[in-house]
Amino acid sequence: MKSVRYLIGLFAFIACYYLLPISTRLLWQPDETRYAEISREMLASGDWIVPHLLGLRYFEKPIAGYWINSIGQWLFGANNFGVRAGVIFATLLTAALVTWFTLRLWRDKRLALLAAVIYLSLFIVYAIGTYAVLDPFIAFWLVAGMCSFWLAMQAQTWKGKSAGFLLLGITCGMGVMTKGFLALAVPVLSVLPWVATQKRWKDLFIYGWLAVISCVLTVLPWGLAIAQREPDFWHYFFWVEHIQRFAMDDAQHRAPFWYYLPVIIAGSLPWLGLLPGALYAGWKNRKHSATVYLLSWTIMPLLFFSVAKGKLPTYILSCFAPLAMLMAHYALLAAKNNPLALRINGWINIAFGVTGIIATFVVSPWGPMNTPVWQTFESYKVFCAWSIFSLWAFFGWYTLTNVEKTWSFAALCPLGLALLVGFSIPDRVMEGKHPQFFVEMTQESLQPSRYILTDSVGVAAGLAWSLQRDDIIMYRQTGELKYGLNYPDAKGRFVSGDEFANWLNQHRQEGIITLVLSVDRNEDINSLAIPPADAIDRQERLVLIQYRPK
């Protein structure tokens, strides 16, 4: 009966966090709008080999993540939930692997369920796991690889070992097809410390080639297909997207070595109080084979991405699966022996909630700021934000009422965030970061436009997805579309600022021409170097400028 209650509670938890509130949040640009539009175009064109964005070749990532996103929109439609369905599914599958692997290591159903709940309620997992990017997919394949390698090394027969290594190769291959060759580097680095400490080199060398073969066979069909269709894909993807992006001096998203320290701290909420103890207990029990394995999968990817010059918070998502397992194991031990860490965790959540309440007041219309985040007419959004932090503090307090029994309710601290964050986004943020909001406000003007030009790739993708058209033209800036725009068949998809006046004269009689420009909040749009327009509609950070036929 208790198991049934636990399962009902888990399904309710998943529904409240990962299903019900997702449609209430508009898509963010540039990431969500980009991946939404790539998948929409894949469905519309039927081309499942070469990824395109705005009708242009887009070689930033391989294909597998787009496949999953496309299936999400195919099943649930071109809406907010459909766009995010793939990442939610991948996150829930990862949690299922966490449950299964924890159960296999410790043979404790309660511990296994707790590990999954901790994983799903971690701030970084929830933030990225409900956000339409490719990182939840690669995290799933890496965690699947973690489980596969353990299965292979624990098997007692050659058939079991062979099956485990073949499965490992498939997960690595799918990882390569999702985000590239990092899906090979991370597993190798993660298993080496365990293999060294356990002296299991023999099994690795005897059976490892099976993983190599299955990985190659997994990637080969699509790899050959895209090489035939687009011979320069692999050169661009390997050299630009891997070497330049991560290792060279001009790497994208450069950050210092310690960049991930605050990410780990913030990402571990609402379980931050367990982080030091879980890592220390793991190190203290390093003679235990499973503990060393989980520690290695937590720390080695973190060190690898810290050394790389290019960094983003999403890169270390896979580290939190083994970390959640270590946290769950440590939490149960602490509840039995010394609940100090659980009390500290409760106080951290109270402090975070109270700090959020105060910060919300400071940036509200009634606070001391001259330019508040929310305007007076957005009072309900301020109250939503207060509710988010109030619930966080409340559940933090509740975990302290009988800490040995109630500590696990920390999983409900982000409940207000899950349910209300979509209703608390300030208009000033929505106007710049949510193209759907802009389209909603300007739908009647945008719909009949013969040509639409914009100076932002993220906005262009949002316009294309919302309006169901892929012919948006880039104006002044090429951004990440620079490579695709260099192809001969992309001629006419970019108009520079100097060319715009002549281009306008040539195309004006074909129909309404609309410019959508990103501007600074205090920028005078009359100072823009453009021909006089027939209509201007400013929505704070985005401006719609129209030219009608003469």
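For all residues, glycine too, the Cβ spot is worked out from N, Cα and C.
Beyond the transmembrane segment (7-27), the same-chain residues lying 6 or more positions past its ends with a Cβ under 8 Å from any Cβ of the stretch are 33, 36, 79-81, 83-84, 88, 91-92, 113, 116-117, 120-121, 126, 129-130, 132, 411, 414-415, 418-423, 425, 430, 434-437, 462, 465. Swiss-Prot lists 7-27 (among others) with the feature transmembrane segment.
Under the heading transmembrane segment, Swiss-Prot lists 81-101 (among others), citing sequence analysis as support.
Here the transmembrane segment (113-133) has long-range neighbours at 6, 10, 13-14, 17-18, 22, 25, 27-28, 31-32, 35-36, 69, 83-84, 86-88, 90-92, 94-96, 98-99, 102, 263, 266-271, 313-314, 317, 320-321, 324-325, 327-329, 331-332, 408, 410-414, 417-418, meaning same-chain residues at least 6 beyond its ends whose C-beta is under 8 angstroms from one of its own. For 113-133 (among others), the entry in Swiss-Prot reads transmembrane segment, with the evidence type sequence analysis.
Residues annotated as transmembrane segment in Swiss-Prot, with sequence analysis given as evidence: 134-154 (among others).
Here Swiss-Prot flags 165-185 (among others) as transmembrane segment. Distant neighbours of the transmembrane segment (165-185): 61-65, 134-135, 137-138, 141-142, 144-145, 148-149, 151-152, 207-208, 210-219, 222, 237-238, 241-242, 304; these residues of the same chain sit at least 6 beyond its ends, with a Cβ under 8 Å from one of its Cβ atoms.
Summarising the annotation, Swiss-Prot assigns transmembrane segment to 204-224 (among others).
Annotated transmembrane segment per Swiss-Prot: 263-283 (among others), in sequence order, evidence recorded as sequence analysis.
As annotated by Swiss-Prot, transmembrane segment applies to 288-308 (among others), with the evidence given as sequence analysis. Within its own chain, the transmembrane segment (288-308) has Cβ neighbours under 8 Å at 105-106, 142, 146, 150, 185-186, 189-194, 197-198, 246-247, 251, 257-260, 264, 279, 282, 315-316, 318-319, 321-323, 325-326, counting only residues six or more beyond its boundaries.
Residues or ranges marked as transmembrane segment in Swiss-Prot: 315-335 (among others).
Sequence annotations record features per position, and here Swiss-Prot assigns transmembrane segment to 346-366 (among others) based on sequence analysis. Beyond the ends of the transmembrane segment (346-366), by six or more residues, the same chain brings 269-270, 272-273, 372-376, 378-379, 382, 385-386, 388-397, 399-400, 403, 407, 410, 413 to within a C-beta distance below 8 angstroms of the stretch.
Residues 270, 342-343, 345-357, 360, 364-365, 374, 408-410, 412-417, 420-421, 423-424 of the same chain lie 6+ residues outside the transmembrane segment (382-402) yet bring a C-beta within less than 8 angstroms of a C-beta in it. According to Swiss-Prot, the transmembrane segment annotation covers 382-402 (among others).
The annotation transmembrane segment is assigned in Swiss-Prot to 406-426 (among others) on the grounds of sequence analysis. Long-range neighbours of the transmembrane segment (406-426) within the same chain, counting only residues 6 or more positions beyond its ends whose Cβ lies under 8 Å from a Cβ of the stretch, are 13, 16-17, 20-21, 24-26, 114, 117-118, 120-121, 123, 126, 269-271, 331, 335, 339, 342, 345-346, 349, 353, 373-375, 378, 380-382, 384-385, 387-392, 395-396, 398-400, 434.
If you look at the transmembrane segment (204-224), the same-chain residues 6 or more away from its ends with a CB under 8 A from one of its CBs are 49, 62-63, 152, 161-162, 164-170, 172-174, 176-177, 184, 191, 195, 234. Counting only same-chain residues 6+ beyond the ends of the transmembrane segment (81-101), those with a CB under 8 A from a CB of the stretch are 14, 18-19, 22-23, 27, 32, 35-36, 39, 65, 68-69, 71-73, 75, 112-113, 115-116, 119-120, 125, 128-133, 136-137, 139-140, 143-144, 146-147, 150, 321, 324-325.
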